[in-house]
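Enquirer: Have a look at the structure that comes next, please.
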Amino acid sequence: GTTPVNIRGQPILSKTGGWVAAFFIFGNEMAERMAYFGLSVNMVVFMFYVMHRPFASSANAVNNFLGISQASSVLGGFIADAYLGRYWTIAIFATIYLIGLTGITLCATMSIFVPRQDHCSQLSLLLGSCEQAKPWQMLYLYVVLYITAFGAAGIRPCVSSFGADQFDERSKDYRTLLDRFFNFFYLSVTLGAIVAFTMVVYIQMEHGWGSAFGSLAIAMGISNMVFFLGTPLYRHRLPGGSPLTRVAQVLVAAFRKRNASFSSSEFVGLYELPGKRSAIKGSGKILHTDDFRCLDKAALQLREDGTDPNPWRLCTVTQVEEVKILLKLVPIPTCTIMLNLILTEYLTLSVQQAYTLNTHMGRLKLPVTCMPVFPGLSIFLILSLYYSVFTPLFRRITGHPHGASQLQRVGIGLAVSILSVGWAGIFERYRRNYAIEHGYESIFLTAMPDLSAFWLLIQYCLIGIGEVFCIVGLLEFLYEEAPDAMRSVGSAYAAVAGGLGCFAATILNNIVKSVTGNEAEGHPSWLSQNINTGRFDHLYWLLAGLGVINFCAFLYFARRYKYR
C-alpha cells in the first residue's frame, strides 16, 4: 500500500527521488515563504501608508490573513490525501497563489486601486486626516489577499510531506535522511524569509510598492517552473480516499456498537483484512493499540456482520488506529499555538519598537522593516551548526542517537521562546522609561539616536532558536507519527497551529485594548498607537506567563505520549 509510484500511478522501477528531487521541492517552498513573509512584513505598512488604514486595524487584518492562510491548510491536506495526491495539489494551489500575488501587484501599481496620496503628510497619517481608501478598493485588496491565502493553504501542508516522500522508507539510514531533510527544508523556509526581509524591503524603498510585490510574483512564477521541471524525478504516494469519510465511518460504527460486548458469544474478533495488503490505498497495516478503547467497538466483528460487512457498521483495525493516531497527535501541535502567537506579535510589536530606536549599523542605516531578518539569520546559523555542535552536545546529555528526540526539540523551542518574550518585556520597560525621561513621549515615530535598535537582536535571536527547534521537531514528528495515508493532514496540524496562533494574537490584542484602555477618560491601552504611552512591556510579560502555563501542559502531554 505504501509502494511509491510515478505520476501515472505505476510502480517505480527506475531510480527516482532522493536529494535531487527534494531540491526541486525546496525551491517551491522557498518562494512561497518569501511571498508569505514579504506580505506579512510589508502589508501592514502598505495598508497604513498607502491605503491610510489605522495601524492597529492594519495589523489585525494582516494577522487574520496569516491565520486564514495557515488554518485552512487542513483543506489542502484533505484534498491531497483524499483525491489529488500531493503533487497535483501543490501544482494547482501554487498557480492560485501566483494569481493572488499578481492581483496584489496590480493593486500597488495602478492608482485606481488606492486612495489619493497628495496632501498626506506623516502628521496627517497620525491624525487620520488622509483620504481613506474607498470600500471597493479595500474589498479588492482583501479579495486578492485571500486568494493568496487560499493558494498557500494547498501548498503548506503538502510540500514538506511530498519532499519527505522522496526518500525510501526501506533504507537503513532512512531516519537520518529524514532528520536532515526537515532541517534543510526549514533552511529553505529561512532563506525565503531572509530574502523577504532584505531584498524585497530594498526593492520597495528604491522602486516602490509595485516592484516589491511584483518581485514576489516573479519569484513564485519561477519556482513553479522549477517545480514542474522536476516532475520526472518525483516519487508519489497514491491518495487513500477521503480521510474524513474514514474517520466518520469509525465514529458511526463505534456508536452503533456502543452496547456490544467483547465477551459476547456473538464476538468473532477485531476485524482486519487477511494478508499483508491494507484496505486503505496508500497505507500499510497498523497494529492494534489499547488507547481509546471505546473506538475499538468500530472493529468489533460479530456474526451478524457477515462476510461482506458494511463499512459504516464494521471498520478494519487499521482504519480505527488511524483515528486514534489523529486524536493522540492533537495535544502536541496545540501546545505550539503559543509559540506562533509570540511570533505573530513580534511581527508587528517589534517593528513599532524599532521605529523609536537608532537602526544605524556604522554608516549603514537599516530600514525598520528589515529588523525581522535577524531571527532568520539566527535560524540559518543554528541549522548550519546543528549537526556539528548541537547534535553531539545533546547526544552527551540525552543519549539519543540524533541528539534529541522530536518532542524534546519541541520542548526546547517552547522553553527558549519564553526566555525571548521575557527579555522583550525587560528591554521594552527600559526603552519606554528612556523615551519618557528624554522627552520622546509624544513623538513616538522619531528615533532616539542614543538607544540602538540592536538591543532587539537578543529577543530576535532567542525566538529564532526557539522556532527552529520547535517547528522542525514538530514537522518531523507529525510526518513520522501520522498514518501513511494521512500525512498531508498530519502536516496540516502544524500549519493550523500557526493559523490559530495568528487568530489568538488578534483576539488577545482586542481583549487587551478593551480591558486596559479607556479612550473617553484619556487612559491609553497597553497597545496604544503611541508606543511610549502604551505598555508593551506588560503584554510581553503576559505572554511569558501564558508561555510558562503552556510549557507545563506540553510536558504533561509529551510524557504521556507513546511513539508509534
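From the backbone N, Cα and C atoms, a Cβ is placed for every residue, glycine too.
Annotations for this protein, taken from TrEMBL, read as follows:
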- 34-52: transmembrane segment (TRANSMEM)
- 64-84: transmembrane segment (TRANSMEM)
- 91-114: transmembrane segment (TRANSMEM)
- 139-159: transmembrane segment (TRANSMEM)
- 180-203: transmembrane segment (TRANSMEM)
- 209-229: transmembrane segment (TRANSMEM)
- 325-346: transmembrane segment (TRANSMEM)
- 366-389: transmembrane segment (TRANSMEM)
- 410-427: transmembrane segment (TRANSMEM)
- 454-479: transmembrane segment (TRANSMEM)
- 491-512: transmembrane segment (TRANSMEM)
- 539-558: transmembrane segment (TRANSMEM)
Enquirer: Count, for each of 34-52, 325-346, 454-479, the Cβ pairs lying under 8 Å from the transmembrane segment (91-114), and report the range with the highest count.
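Expert: By Cβ pairs under 8 Å, 34-52 leads among 34-52, 325-346, 454-479.
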Enquirer: Short question: most Cβ pairs under 8 Å with the transmembrane segment (139-159), which of 34-52, 64-84, 180-203, 410-427, 539-558?
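Expert: Of the candidates 34-52, 64-84, 180-203, 410-427, 539-558, 64-84 scores highest.
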Enquirer: Let me spell it out: take the transmembrane segment (539-558), skip the flanking residues so only those 6+ beyond its ends count, and list any with a Cβ under 8 Å from a Cβ in it.
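Expert: Answer is 331-332, 335, 337-338, 341-342, 345, 349, 407, 410-411, 414-415, 417-418, 421-422, 424-425, 428, 512, 526-527.
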Enquirer: Please report, as numbers and ranges, the same-chain residues at least 6 past the borders of the transmembrane segment (64-84) whose CB is under 8 Å from any CB of it.
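Expert: Sequence-remote neighbours of the transmembrane segment (64-84) are 36, 39-40, 43, 92-93, 145-146, 148-150, 152-158, 161, 239-244, 344, 485-492, 495-503, 506.
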Enquirer: In the same chain, which residue numbers or ranges, 6 or more beyond the ends of the transmembrane segment (410-427), come under 8 angstroms Cβ to Cβ?
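Expert: Non-local partners: 332, 335-336, 338-339, 342, 346, 350, 404, 455-456, 458-459, 462-463, 465-471, 473-474, 477, 537-538, 540-541, 543-544, 547-548, 550-551, 554-555, 558.
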Enquirer: With pairs 6 or more apart in sequence, are the transmembrane segment (454-479) and the transmembrane segment (34-52) linked by at least 3 Cβ pairs under 8 Å?
Expert: no
Enquirer: State the residues, same chain only, that lie 6 or more residues beyond the ends of the transmembrane segment (325-346) and have a CB under 8 A from a CB inside it; answer 'none' if no residue qualifies.
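Expert: Distal contacts: 63, 66, 247, 286, 291-292, 372, 375, 407, 410, 413-414, 417, 420-421, 424, 459-460, 463, 466-467, 470-471, 474, 477-478, 481-483, 486, 489-490, 493-494, 496-502, 504-505, 508, 539, 543, 546-547, 550-551, 553-554, 557-558, 561, 564.
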